Structure formats: structure tokens, C-alpha cells
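What TrEMBL says about this one:
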BINDING   108, 109, 110, 111, 112, 113, 114  ATP binding site
BINDING   383, 407, 408, 409, 410, 457, 461  meso-2,6-diaminopimelate binding site
DOMAIN    23-94  domain 'Mur ligase N-terminal catalytic'
DOMAIN    106-312  domain 'Mur ligase central'
MOD_RES   217  N6-carboxylysine
Ligand SMILES: CC(=O)N[C@H]1[C@@H](OP(=O)(O)OP(=O)(O)OC[C@H]2O[C@@H](n3ccc(=O)[nH]c3=O)[C@H](O)[C@@H]2O)O[C@H](CO)[C@@H](O)[C@@H]1O[C@H](C)C(=O)N[C@@H](C)C(=O)N[C@H](CCC(=O)O)C(=O)O
Ligand SMILES: Nc1ncnc2c1ncn2[C@@H]1O[C@H](COP(=O)(O)OP(=O)(O)OP(=O)(O)O)[C@@H](O)[C@H]1O
Ligand SMILES: N[C@H](CCC[C@H](N)C(=O)O)C(=O)O
Ligand SMILES: [Mg+2]
């Protein structure tokens, strides 16, 4: 595409250094610039992308988009906000891929990855080719692209939506994190359905207060259905049991479908029974009642299933077909995932890295625990600090033995993170084993018959970030190895 054509996406800009080169691709990272790239200077949290304009030119950038003065000889497009311009130009460059694609966004503190997986499974089983974008990467058919963020950078979203659509996708389901909504990482995405899971404490480092966090998430709903084209679907799928839904309901112009357990809802679950091997409940939709018996465990899983069913009903899939698919799903990687290496105690790896998810994981385990509950818990570095004492307290309150350990320390001192956790459990009894491998080993060696060990926080992650380096580390592998070592002793 010619530069001038790209620029039709912008309402306002100023060009320095005339020229209309061909643009071969879009990038925000000077290290990835190739001849013909359009490079955007983004002001980051750590460095200012304008510092790399010269490097981008040297690597062959055809043109550069900036918001502050830069000194290069290729065409420069000055805009007020390069991030906004990136969204609009990428959307145009990749052919407005979200138009004519049934795009489903999932937001909320917990449950996004699980719901996107459920939606993809249900729609695929019904013959709707569905792409997925989220924490565990971008997946469509046999293609897998790893991601750095739950919701990738906006030009990567448009690029991959286009890719999926060109390869036959009729729908894409995407985790839209509050950070992404706030940062404008989904600008240009024309959502058909927005799903809200729940709002509990996380990311207050970015959003400041829970109210601001709630409003960041509201962006998905306030933009939904503002302008209808033809008779396309525009719907907000809201959890009636979470008070924030009341706010979102009034903010959206879209059709509202509700789901919930405590209050009546369009998709309502009753008679929930939880066992170590699954969950049963009665799904009530209007006058109709359907028994569901699934392998997913916990009340929170019922919420996720209700949300997915409500959203997929908009794709005109029969309810009994949807239930059949849900009943076959074994689980989502790293979400309440059992590790079984022949031991006589239970080990569960779960991605609970927020107070609410940790509480849910432990209360779910309590429903069927007959002996002790051992909880291995840590908190990530360079992330919200307020949750640290709270998570430690939940671990101590809700288990028989809490072992505090490191999650991803990142650039923080692991001992300092643990000290912050410990402020929430003064005078209580617990263990602290800073090295995560050692903590898992200790629990695997000391668990007794019938105990349940929860290894919380890292779920599917196959790495540990120490400093700025990623080291291979997988809770499931570590637990398995420690169990095998104990059994072979
Ligand atoms: C704190 C934060 O949001 N950081 C995001 C941000 O990185 P940054 O601000 O640190 O970028 P930077 O390093 O300062 O660089 C600024 C610019 O200079 C460019 N640069 C840099 C160096 C160079 O040599 N050349 C060059 O061009 C960079 O490519 C970038 O465009 O922009 C990057 C590119 O889009 C993101 O990948 C990165 O997300 C990081 C990895 C992150 O951890 N974000 C978290 C907070 C986040 O967004 N999490 C949510 C999940 C929440 C949830 O699900 O619970 C998410 O959606 O992932
Ligand atoms: N609906 C829910 N309500 C509360 N907790 C949940 C819910 N669904 C999942 N969880 C808990 O949260 C953890 C993370 O689940 P999931 O990965 O689906 O959430 P997410 O919103 O994608 O998280 P992230 O923001 O890290 O991407 C699970 O391991 C489980 O403990
Ligand atoms: N999407 C979340 C993941 C946290 C996972 C946890 N293991 C940690 O490192 O804190 C975030 O970026 O905040
Ligand atoms: Mg996720």
C-alpha cells in the first residue's frame, strides 16, 4: 500500500520530507524494521521510541510516524498521538479485518482465557471457523503465534485478524485486558459481542482505584452497538452477580444478555454440585431446564460456561449441541489442572494470581477436601503490590499449610516481595521457601495421603522471569519430577 493511502486513515497529520513510498509492513520496534517498513515512534513506559527513529531509517524504514520532532530524511508523518495513529493506519492497512468478522471480546479480572477457549471450542464444534487471541497465544487452525501480552499490540491484532479471516475464519474471540482497553490496543476493532466476567482487585498499579479499573473495562461496552450496520449482532453478555454489570448495562447501546447464579438471569445455573472430577448443574434458559455434567471444576467454572453459552447462542448454535461440547472439554491448560504421577495425594496447578482467583481455587478445593490443603503461593514482581498481603492472608486463612514462595520476581528482589506478602499474616503460622522449585519439592515430599496441594499463580507458564531473563520453569513438570523422585526413593 502507498503511504498516501495509509494516511487516509488519519483525520489530521502533517508530513515533513515529501514522498509517497510503498509500505510493506508496519512496526513499532526499530529492531524489526525491514526495507519498506512504516515505523511508529511510541513513547513507552521504559524508553521513548522517538530515540530509535535514526536506527529505523538506517534499517530501511520507508517512512516514520512521530509525535515529537525527529531528524531523519525519509518522509515523517507528524500526528498528535502515534499510538492512536498506529491503530487507525493498521486497521486500514490490513483491510479493516474486524468488519464482516464476528468478533467477540472478553474482559474481566478472571476467566477470560477460559471463556475464550470455551467459545472457540463451542463455535468450532458447530462448524464456525474461530480464531483465538489471548494469554496463551494466537491460535487459528494449526497455526500458533506466541504473544507477549494477553491482548497484543494493536497492529498485531489487525494483522492477525486479517490473517485469520483470509484463511477462512468467520469469527474471532479475543481477551481484551483492561490494560489494552485503557492503552487503546483495540482501537479499530469492531466488536459484535462483549463478555464481562467479573471485577476484583488486580492491576491497581496501572488503574489506581477500583473505580478507574471498572471504567477501563467499560470501554468495551460503551463502544459496543453505538452504530448498527444492517442487522448485525451487537450484544453485551453480562454477569448479573457482579455489581459492575449494572453500570455496563446502562453504558452500552447493545442488546444485553445476562448470566449468573445468585440472581435470575437469561442463562442461569442452579443445583450446582462440585466433586474432584467435575461439576454438575441445571442450566435454566427461560422456561427450559437442561442438566449439565462437565469435567471443569468449581463454581467459577460454571460462571465461565454460562458466559460462553450465552455468547455462543448469538451465533445461533443449538443449546443441546453447545452443552454436548462443554461436557467433552477436559480443561484448559494450567487452569485447575491436576498433576498425576501415581502419588496418593492430589496436586492441582492453577493460574490463580489474583486475590479473587486464589480464594475461588481454595474454596473450590475445600468443597471436596477430606484431609489437609497445602497452598503454594507467590506474587509477581513489577506488578500491583496491594494484592500481596491480601493473597498471603487468603492462603493462610484457607489452607492448612501455606507455603509462600516466588512467582515471577522480574526486576524486584524476591525477598522484598515476600516481605510485603508477610505483612498480611503477622503472627500467623506459615512457611516461606523463596526458591519456587524448592517450595514445590518440599510440598511433594511432605504431602500425606489424601492431602490436596494447590500450586497457584503460574498455571500454563513454562518460564520464570528473574530480572529481565526468562528461564524455563513449569510448575507441572516440577511437581511431577518431585513426585517421581519421592516414589523412587
Ligand atoms: C507496562 C506495559 O504495558 N508495557 C508494554 C509496552 O512496553 P513498554 O512501554 O515498556 O515499551 P518500551 O520498552 O518503553 O519501548 C517503547 C517503544 O520503543 C520501541 N523500541 C524499544 C527499544 C528499541 O531498541 N527499539 C525500539 O523501537 C519499543 O518497541 C516500543 O514501541 O508496550 C509493549 C508493546 O506493545 C508491550 O508489550 C508492553 O507490555 C508488557 C510486556 C507488559 O507486561 N504489559 C502488561 C502490564 C500488560 O499489558 N498486561 C495485560 C494483561 C493483563 C491481564 O490479563 O491480567 C496484557 O494485555 O498483556
Ligand atoms: N469466572 C471466574 N471467576 C473467578 N475466578 C476465576 C474465574 N475463571 C477462572 N478463575 C480463576 O482465575 C484463574 C485464571 O483464569 P483465566 O486464565 O481464565 O483468567 P484470565 O482472566 O484470562 O487471567 P489473565 O488476566 O491472567 O489473562 C484460574 O486459574 C482460576 O483460578
Ligand atoms: N496477565 C497477568 C499475568 C500474571 C501472572 C503471574 N504469574 C505474574 O507473573 O504475576 C499480568 O501480566 O499481570
Ligand atoms: Mg488470560
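Any Cβ shown, glycine's included, is placed from N, Cα and C.
With a cut-off of under 6 Å between the Cβ and any atom of ligand 2, the recorded positions 111, 217, 408, 409, 457, 461 reduce to 111. When pLDDT is averaged over the domain 'Mur ligase N-terminal catalytic' (23-94), the result is 97.
The closest partner of residue 114 (ATP binding site) among the binding-site residues, by CA position, is 457; the full candidate set was 407, 410, 457.
Other than 383, 407, 408, 409, 410, 457, 461, the residues of this chain whose Cβ falls within 8 Å of the Cβ centroid of the meso-2,6-diaminopimelate site are, in sequence order, 353, 378, 379, 380, 381, 406, 458, 464, 465. Checking the recorded positions (217, 409, 461) against residue 108 (ATP binding site) with a 10 Å Cα-Cα cut-off leaves 217. Sequence-distant neighbours of residue 457 (meso-2,6-diaminopimelate binding site): residues of the same chain at least 6 apart with a C-beta under 8 Å from its C-beta are 351, 352, 353, 377, 378, 379, 380, 407. Cβ atoms within 8 Å of the centroid of the Cβ atoms of 108, 109, 110, 111, 112, 113, 114 (the ATP site) belong to the same-chain residues 106, 115, 175, 197, 198, 304, site residues excluded.
Around residue 408 (meso-2,6-diaminopimelate binding site), the same-chain residues six or more apart in sequence whose CB sits under 8 Å from its CB are 380, 381, 458, 461, 463, 464, 465, 466, listed in sequence order. Separation of the C-alpha atoms of residue 217 (N6-carboxylysine) and residue 109 (ATP binding site): 9 Å, rounded to the nearest whole number. Residue 113 (ATP binding site) and residue 383 (meso-2,6-diaminopimelate binding site) are 19 Å apart (CA-CA, integer value). Spacing of residue 410 (meso-2,6-diaminopimelate binding site) relative to residue 109 (ATP binding site) is 21 Å (Cα to Cα, whole number). Residue counts of the domain 'Mur ligase N-terminal catalytic' (23-94) by helix, strand and coil are 25 helix, 16 strand, 31 coil (DSSP-based). Around the Cβ of residue 110 (ATP binding site), the same chain contributes 197, 198, 200, 300, 354, 356, 357, 360, each under 8 angstroms and 6 or more positions distant in sequence.
DSSP assigns residue 114 (ATP binding site) to a helix. In space, 109 is the closest of the binding-site residues 109, 111, 112 to residue 409 (meso-2,6-diaminopimelate binding site), judged by Cα positions.
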